[in-house]
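Take a look at the structure below.
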Amino acid sequence: MAGLLQAVVGASEKAAHVARLCRDEEPLFQLLVAEKTGPDRNARFQRDFKTLADVLIQEVIKHDLGTQFPELRGHIHGEESNEFRNAQGETVAVRVCATPGDTAALLLSVLEPERAAAELLAAAAHGDVALGDAELAGVALGIPPRDLAIWIDPIDSTNEYIGGREDVAPVDGIVPAGLRSALVLIGAYDRHTGCPVLGVINEPFFRRDPLTRRYRHRESAGAGGTAPSRPPEARGEPGGQGRHAQGPHPRRWQGRYHWGVAFGDTRLSSLSPPPPRPTPRVVLSRVEGPAVREALGPLCGSGLRFAAGAGYKMLCVILGLADAYVLSEGSTFAWDACAPHAILRALGGGVVALAEALRARRAGDAGPPPELVYNRPAEGAAGAECWANRGGLVAYVHPPHLEAVLAAL
């Protein structure tokens, strides 16, 4: 499993590189957006979109992990259909082919006449990633990949990725919206129990590169070149939270990644558990209903915060920017929660199925509240709704915060 952890981190870094490449040329990017319809559509949104970046990233991760670990083939699942409609209205099944040239030809059928862009993306899809992370290389684990399956969210918060707002000001470290909330999420779970055991969260747009921002126009002629090296202060947050891969960086943004492993008695993470606050800070969706806001008000006081993206809100809990994320609706899915859930478990927390937990509390059950699992489709549902986290969720690190939130609700 140590090899799988390194492979998943490497796949997330390649995915982040593709996500940045697909945003480099805004006019081209706008041609790459397709609207989801039918059973793949998220009913929460009036319009639900996917991008070529979503589809290509998902297929790259499937290809790379399936190649390195054949026992995972058929057990790597993602949010997106790999079909993409091009400007001529033709349906193209995007995949990673045997050679960069074949992949470029396939992508060109979507990107025509942008041959250079197709070749650039194909080169990224077939490229190698050098992590240079000594801590990661030293991890030794012992669970066989044949017992696992994978959930991929290639770009969580796709609408924010499409909108591309770069300068949304953070509130107490939490970015309410914008490009920074777009994440790559890869989570592994036990095929038999559904319990998440390994998670990687990659932030492709963690921070702008201070050495390249002012040279944006000049560098746009050199896509695929090596960005200047990062200053020391760009290598992570205080306390060592986050890990950066070594090597070339796309020109305007720097990314970072986080990982966690939780199985049996093993708890390992690139992060340390954040300290708890006496008065919990809770992050919510901007469309969360008034009943939840009013119930949490007395508990949190002025500590309610709002952000986009389920994965990003869970990341806020992981990093200690919030103490809990509460969602009362069934508008998240297995691919949103699996990777963050594994990291939260590694830090001593988890992700609770909210409606089930509240029913248990009302029935007087004082036992551990039920956590989300990732191997059981919802009965009677079709399409994406099979994997919806019905009844909402609470993500937390410290159990007293979870108990306080459940009591308030």
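The backbone N, Cα and C atoms fix where each Cβ goes, and this holds for glycine too.
Unlike curated records, TrEMBL annotations are generated automatically.
The Mg(2+) binding site feature in TrEMBL is assigned to GLU79, ASP153, ILE155, ASP156, ASP336. What TrEMBL records for 213-253 is region 'Disordered'.
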Determine which residues of this chain, when GLU79, ASP153, ILE155, ASP156, ASP336 are set aside, have a Cβ within 8 Å of the centroid of the Mg(2+) site's Cβ atoms, and list them as they appear in the sequence.
ILE152, PRO154, SER157, THR158, LEU183, VAL184, LEU185, ALA310, GLY311, PHE333, TRP335
List, in sequence order, the same-chain residues at least six positions removed whose CB sits under 8 Å from that of ASP153 (Mg(2+) binding site)?
GLY78, GLU79, LEU183, VAL184, LEU185, ILE186, GLY311, TRP335, ASP336, ALA339
Return the residue, from the listed binding-site residues GLU79, ASP156, with the maximum count of other C-beta atoms within 10 angstroms of its C-beta.
ASP156
Sequence gap of 6 or more, Cβ distance under 8 Å: name the residues on the same chain that satisfy this around ILE155 (Mg(2+) binding site), in order along the sequence.
ALA19, THR51, ALA53, ASP54, ILE57, TYR161, ALA182, LEU183, VAL184
Is it possible to get the count of other C-beta atoms within 10 angstroms of the C-beta of ASP336 (Mg(2+) binding site)?
29
